[in-house]
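See structure below.
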């Protein structure tokens, strides 16, 4: 067995579910799990400073390989001393492989055994990304946790296509492992794919587990499938993954999905959802979603969430934040973004306490009722 730079320590398993309380040890510090990771696409979490992220309890953030490769370039970031120094963040960083962005943003994709040729979304230039190149970029970035290059097939793709895709993704994972230049200080995760097909998810997981990655990601979810379909995939995928390694569900940030994935044994999550909806004035609160731009809040001098102790809620009113957003003032977006990130990071803190107290199912029921999920199952 390899001595990996990323280690998982299980502290407690909840009595009634598969939920795990633990911590992940990285070269840039240790963070508790389950954990929600804010997304810093362009080496910044939109409108937030590193100090604010630490203040809210983010022990790790995510950055995007594809975007940083295109701009400003991974070699420039390496010259700066790596991503941590470049963005002045001294805690853990996870980078994705660039695969999802190639499939979702780029034009004219052509997938072969070698990799993917595509036109980049900034200037239309033809580019090529292979498993080896994705690893090389991430080695230059110097993230603590890296992702294997994978194909992310759509959830409802035909079985035969998905089968070929996961087999290629497994071969790509092995190529990425062989290309990894910094296994002593960067942990590379394998990504389980397989759309909604149980046998293909199991095959993908078996292939990757045999390669002894320091952690495993579950990809290809939160791409249009229903909440129940996501839970079903987790039900048959998570048990295939080792108990002594971290489990990361990619691209998931809706509160109900976070809680239900924790119940099934997932440790890490990321999503642009909290900052994206914040820019439109949509706020997550303990009583459900609140669209602070709405006219009814024009003279509402209460906090976004009376039960929240974040900087935004302790200092500013709905009326003021609404005014800022209506006037296109950046400070308004800073305040709503901070609040939403704080909400999800601290939801995970509350979930960790519920695991410690062995009452996660009761916590889930109470949260769902207060948040309004009975009326609308995808009420972000």
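Our numbering is plain: 1 for the first residue shown, then up by one each step along the chain.
From the backbone N, Cα and C atoms, a Cβ is placed for every residue, glycine too.
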Select one of 227, 339: the residue that Swiss-Prot places in the Zn(2+) site alongside 308, 310, 313.
339
Considering the substrate binding residues 96, 97, 98, 99, 100, 193, 220 given in Swiss-Prot, which of 150, 256, 260 is annotated for that site as well?
150
Mind tallying the region 'RNA binding' (275-279) by DSSP state, helix then strand then coil?
4 helix, 0 strand, 1 coil
Can you list, in sequence order, the residues of the same chain other than 96, 97, 98, 99, 100, 150, 193, 220 whose CB lies within 8 Å of the CB centroid of the substrate site?
103, 147, 148, 149, 151, 152, 191, 219, 250
Validating a neighbour-count step here. Other CB atoms within 10 A of the CB of residue 193 (substrate binding site): how many?
29
Pop the mean pLDDT for the region 'RNA binding' (275-279) in here, whole number is fine.
98
What Cα-Cα separation, expressed in whole Å, is found between residue 270 (active site, nucleophile) and residue 96 (active site, proton acceptor)?
10
